[in-house]
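Asks: One structure, as structure tokens, below. Some questions next.
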2 protein chains.
Amino acid sequence: MLSEFSLIDRFFARRAATARPSIAGSDTLGIGDDCALLAPRSGEMLAISTDMLVEGRHFFADINPEALGHKALAVNLSDLAAMGAQPQAFTLAFSLPKADEAWLAGFSEGLFTLADRYGCELIGGDTTGGPLNLCITVFGSVPPRTALRRDAALPGDDIWISGTLGDARAGLGVQRGEWTANASDAALFRHALERPEPRIALGLALRGIAHAALDVSDGLAGDLLHILERSSVCASVDVDAVPRSAALRRLASDVQQRCTLAGGDDYELCFTAPTAARAAVEAAAHKASVPVTRIGTIRAMDAATDRPAIVWRNAAGAPLTVTLQGFDHFHAE
Amino acid sequence: MLSEFSLIDRFFARRAATARPSIAGSDTLGIGDDCALLAPRSGEMLAISTDMLVEGRHFFADINPEALGHKALAVNLSDLAAMGAQPQAFTLAFSLPKADEAWLAGFSEGLFTLADRYGCELIGGDTTGGPLNLCITVFGSVPPRTALRRDAALPGDDIWISGTLGDARAGLGVQRGEWTANASDAALFRHALERPEPRIALGLALRGIAHAALDVSDGLAGDLLHILERSSVCASVDVDAVPRSAALRRLASDVQQRCTLAGGDDYELCFTAPTAARAAVEAAAHKASVPVTRIGTIRAMDAATDRPAIVWRNAAGAPLTVTLQGFDHFHAE
């Protein structure tokens, strides 16, 4: 196979930060030294997130390498979006069974096209042989007190969702043969699965407006619970209000519900904001060109049960029993 | 297997930065949110390095998990040492075939024992199922103009090596049955292979004294060449001066030479410094309690050949032909 250094040079180093020293000032250092050197913007902090993607678990072996390059970075940028952070740089470590040049060309194309759109520089990495594994660490910049944390939800807050949920899980189900869809719906689902769009602009626009936020990567039911646990609150969610695409509405209603509530791989933002900020939230969404939908309310914790939980309701407000047990998504452990 | 969250909680989150908020100020955020938040020390930059370790390539499947936890972090801290950076934090992403609790207990013990020694906080991570793969990204703090870069070697500089080289490769050879050693030598070699000690104190002490530096991870011959290429210089190295342990001296002389020059996994510092700084280098080494040895000299690039290269000489100054071709080390691609 190509040696490590020729591999790095050929597909990655040339497009990395060393080639574009203007981005981060003269002291910044990218690929080619023991460490990269990076500073957040003046007065800001670095938001840091790391994700590891494994073949057969997070993507299929036959995934288009260009789509994989996109997705590997997109899921990391999504974490920055959920923090309200401005993307700045990333490192890429990966192991590959063999150095397939066409594959690497496609992968790096998908990766850098997305990185360039967000001004996110490759500043370091590591490559080795081994079963296909991608580990990206992203760095964003955020003013210390405006970061959108998970522990900031307050009783009375509205709960919002960007975009629609469930399409990626619907796409996985089509690929697995769990259900069928017409060709154009199947293509839309597959696009959602392979091409998630990080909600960076929305995250930035929600600084100072939203209270808590996270990105929905493992399904709404589980992810919203992280906000509740960290904020010590409960939630009431209108199941019928959870936004879904027209394509998803053509699947059976129980499949729709499971895809939207326990689907995973959505990479939409779930956030809370005070009711007084509804107009501001709508304005932020308009600015970011992303639709947002109110799906419920944060409640004070019930003293009797004393644990964070979601009460699911229908549009009429009647409580529902939502059974999501055993509906594994792509990330299932 | 244990779910991702119980796994993280049980072995990692409890010892992570969230549990010790005092380290980095009230705005710092560790495990449990979409991103960690981190700032370098006032006026300093973050030095960032990432390394991926794959079973069968960087370590054997039967490695003691506690040793693996140590080594996975040590090889990353070694990159900070080579930059003259003060360790600050790290992220850990890993894929595991199964959640073996005894293995995780040992691994996390080795990891955190080393992390605690250097005040390096776990601030985030990711865990998933899959073939065993460890990806650590480390963060250190360094004043912008004192970082020890690879591109700063100057003609006339001495070339120095910390500690001794070759023991780790000798240990790999014993494990592979390439050669034999007595029990105590074999134990020393194995210790070198499994328990590299990052030269953090030396890297810090060399700030403002050394010109260029890197850590020797892939063998002196290849790694020194990185300094030469980045600095556009050549080197003359006395092969007999390259420091080696008493145990290594008991192996055949050709094995000694190949282990010291092309061994890999040494994690010693190779650095250059002006001849006028010899006393300062010795003082820094004394302060860091690490022996250092002068092994050669940086030369201006030869206009006739016009490429960075190492001229190997013996103690008498006679040029040697050193054949290292085909001597693969553990990292071989």
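Placement of Cβ uses the backbone N, Cα and C atoms for every residue, glycine included.
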Asks: Going by TrEMBL, A:Asp34, A:Asp79 bind Mg(2+) 3; tell me which of A:Asp167, A:Asp185, A:Asp215 is listed for that site too.
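Replies: As annotated by TrEMBL, A:Asp34, A:Asp79 share the Mg(2+) 3 site with A:Asp215, chosen from A:Asp167, A:Asp185, A:Asp215.
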Asks: Under 8 Å Cβ-Cβ to anything in chain B: which of these binding-site residues pass, A:Asp215, A:Ser217, A:Asp218, A:Asp265?
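Replies: The answer, in sequence order, is A:Asp215.
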Asks: I need the CA-to-CA distance for A:Asp79 (Mg(2+) 3 binding site) versus A:Asp218 (Mg(2+) 5 binding site), whole Å please.
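Replies: So the alpha carbons of A:Asp79 (Mg(2+) 3 binding site) and A:Asp218 (Mg(2+) 5 binding site) sit roughly 13 Å from each other.
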Asks: Out of A:Asp51, A:His58, A:Asp126, A:Arg150, which of these binding-site residues is nearest A:Asp34 (Mg(2+) 3 binding site) by C-alpha distance?
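Replies: Minimum Cα distance from A:Asp34 (Mg(2+) 3 binding site) across A:Asp51, A:His58, A:Asp126, A:Arg150 lands on A:Asp126.
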Asks: Please report the distance from the Cα of A:His58 (substrate binding site) to the Cα of A:Asp218 (Mg(2+) 5 binding site), rounded to the nearest angstrom.
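Replies: Pair distance, Cα basis, whole Å: 11 Å.
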Asks: Any idea what the model's mean pLDDT is for the domain 'PurM-like N-terminal' (A:32-142)?
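Replies: Result for the domain 'PurM-like N-terminal' (A:32-142): average pLDDT 91.
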Asks: When DSSP states are grouped into helix, strand and coil, how many residues of the domain 'PurM-like N-terminal' (A:32-142) land in each?
Replies: 36 helix, 46 strand, 29 coil
Asks: Return only the integer: C-alpha distance in Å from A:Asp218 (Mg(2+) 5 binding site) to A:Asp265 (substrate binding site).
Replies: 6
